[in-house]
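Among the features that TrEMBL reports, repeat 'ANK' is placed at 102-134, 135-167, 168-200.
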Amino acid sequence: MADHMADATACSPIDDGSIIILNVYTEPQNGSDTEEEAAQLNVGPLKYSTTLTNRQRGNMVSVLPATLDSLSVQQLAAQGELTQLKEYLQKDDTFLNRPDERGFTPLMWAAAFGEIETVRYLLEMGADPHILAKERESALSLASTGGYSDIVTLLLNKKVDINIYDWNGGTPLLYAVRGNHVKCVEVLLERGADLTLEADSGYTPMDLAVALGHKKVQQVIENHILKLFQSQS
């Protein structure tokens, strides 16, 4: 069965502040996906960013847990430690848009881990939501990957590029579809995300929803297409 399954590696925070690696498998539906198509999914059409790791956040199991005093501004943002983050930035506001070694800013980390109050605070303080990391990851694509629709809305209100590509060949909409994040897909489509943009493998958002068996997402896309046709008639 493993030969007929595609996997995507993702990172997810857990309650103690560490990260676990999730291997998401999708089995082709009978009569739909061939082994060749499954193989395409295995190497794409989207590869979850590999930057959200334990090493990145200083939570390696081989070392003692970091105290709040020793956490970086990026780690504080990722963990939603808003009080400490405010103190950090009050001492030196140049850290507001300071990237880490992979180009991730505090805003990106907060968006990636669904810390909406931290995202709101950073935006109010003037954090730049348009900054891209070294592989063109954006706060919007990271929030979309996690399905954080409220954060997606906050970022879109700042006029970020809704169709931004990263070097894994993904757009925010493609990442939301891949994650089966129905509400996030709805928000992105309502705000004008381009349904025709393809991943590097050639998959459109609809292709991806069908290939992964995400029927609710597929229905959302179909309803959106129908509305577009009705508005033009």
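Just so you know, glycine gets a Cβ as well, placed from its N, Cα and C.
Residue counts for the repeat 'ANK' (135-167) under DSSP (helix as H, G, I; strand as E, B; rest coil) come to 16 helix, 0 strand, 17 coil. Remark: secondary structure over the repeat 'ANK' (168-200) totals 16 helix, 0 strand, 17 coil, with classes taken from DSSP. Shown for the repeat 'ANK' (102-134): DSSP residue counts in helix, strand and coil, namely 16 helix, 0 strand, 17 coil. Summarising model confidence by region, the repeat 'ANK' (135-167) averages a pLDDT of 97.
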